[in-house]
Amino acid sequence: MTSVVVVGTQWGDEGKGKITDFLSANAEVIARYQGGDNAGHTIVIDGTKYKLHLIPSGIFFPEKISVIGNGVVVNPKSLVKEINYLHDSGVTTDNLRISDRAHVILPYHIKLDQLQEESKGENKIGTTNKGIGPAYMDKAARVGIRIADLLDKEIFAERLRTNLAEKNRLFEKMYESTPIEFDEIFEEYYAYGQEIKKYVTDTSVILNDALDQGKRVLFEGAQGVMLDIDQGTYPFVTSSNPVAGGVTIGSGVGPSKIDKVVGVCKAYTSRVGDGPFPTELHDEIGDRIREIGKEYGTTTGRPRRVGWFDSVVMRHSRRVSGITNLSLNSIDVLSGLGTLKICVAYDLDGERIDHYPASLEQLKRCKPIYEEMPGWSEDITGVRSLDELPEAARNYVRRISELVGVRISTFSVGPGREQTNILESVWSAK
């Protein structure tokens, strides 16, 4: 048995989809365990770019099982659209499995998400307005509708009527907005349920059986550790647990069955939406990194905020997610910069701190303490081993590993599969 979890170690958009796709070549089952279609990952295969939001990256391997676990919140409309997109691209989805325990995102969740965000004014969180938060709220309040409910016409109708009555009171009384009618949702979403019915099953059984049979299972996280509702920059976070511990809850697999945790990061830092970002760049260097790195959100299209590599963030991610291996992406984006900076600690009111504060007020006062390193001018997109990197690039990679305290198992010098270089196989024995 070998199981590997892939987690983002920053604020999402670290290149998890690419690394998951790369590691999927040696996996037999690939599973997502949290999040929804607010997550976006881009995969490049033979020069063709594919953008997915819900379906695991492993779908491109027809002989492998791709699982949407119970911890994922599923928008049936988005899922059907994504399935059709794959079919139109010549990709089969016969290997897809969807948990019958996963919760469903419905139009009232999306509307509530938008209204809540608008009402916050300057205190907005920066939500993608996909209904993710309200769906998880309903789940916690025990009024959510699950995939199993969606497939049963009578149960779906009953629970939808009950939920709409409550949500419409909220829309009309609190937000002075128009209600959503039952007929606007019911037939359309029941039909979506019937379209995905053939994929629905108890995915916990599939995953545990695979592990018990000694198969290789890969768990794919969405977003990143710094967006985790418990360990991230609360309240500027997502509504689920991207940390590796989220696997046990969101997939129905016990913690004793997790072998390795691969933390994915960029050679710099990026963030979409609001919230603290100590190493953020507001100058021409930041603009250059954004343009060369194509730092625009897969889901929203919004320009991402960019900054220098932050080892304080990375050490926090290592601790709370139990990271055993590091996958370092986008090193090539830094080519051509004369001097590079790595944040090694923060200055908080004159005191050096090495940990990431929970207090947003303290974070606002934190100033990054930088270590400068020489850059490199060479084009490294064709590099296929660590030894081929310029000396300055090698030193930069090694310094990141030292500061984070985790060995690097892969590094990437571009978006293609062939541009991902293995230093150590995570599929080897413990």
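Glycine is treated like the rest: Cβ placed from N, Cα and C.
Of all Cβ atoms in the shown protein chains, 28 besides its own fall within 10 Å of the Cβ of D13 (active site, proton acceptor). Annotation source Swiss-Prot lists active site, proton acceptor at D13, citing sequence analysis.
Summarising the annotation, Swiss-Prot assigns active site, proton donor to H41 and lists sequence analysis as the type of evidence. According to its DSSP assignment, H41 (active site, proton donor) is in a strand. Around the Cβ of H41 (active site, proton donor), a 10 Å sphere holds 26 further Cβ atoms from the protein chains shown.
Taking Cβ-Cβ distances under 8 Å and a sequence gap of 6 or more within the same chain, the neighbours of R304 (substrate binding site) are D13, S270, R271, V272, R290, E295, Y296, G297. The GTP binding site feature in Swiss-Prot is assigned to 12-18, 40-42, R304, 330-332, 412-414; the stated evidence is sequence analysis.
Sequence annotations record features per position, and here Swiss-Prot assigns IMP binding site to D13, E14, G15, K16, N38, A39, G40, H41, T128, R142, Q223, T238, R302 based on sequence analysis.
Under the heading Mg(2+) binding site, Swiss-Prot lists D13, G40, citing sequence analysis as support. All protein chains shown were included, and the count of other CB atoms within 10 Å of the CB of G40 (IMP binding site) stands at 20.
Taken from Swiss-Prot, the feature substrate binding site applies to T298, T299, T300, G301, R302, P303, R304. In three-state terms derived from DSSP, P303 (substrate binding site) belongs to an extended strand segment.
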Cβ packing number for P303 (substrate binding site), 10 Å threshold: 14
Integer Cα-Cα distance in angstrom, G301 (substrate binding site) to V413 (GTP binding site): 23
Listed binding-site residues K18, T42, T300, filtered to Cα within 10 Å of T128 (IMP binding site): T300
Entry from the binding-site residues list N38, T128, T300 having the most other CB atoms no farther than 10 A: N38
Cα-nearest neighbour of G40 (IMP binding site) within the listed binding-site residues, G12, P303, I331: G12
Nearest-integer angstrom distance between the alpha carbons (Cα) of G15 (GTP binding site) and T300 (substrate binding site): 16
Distance from R302 (IMP binding site) back to G12 (GTP binding site), taken between C-alpha atoms, in Å: 13
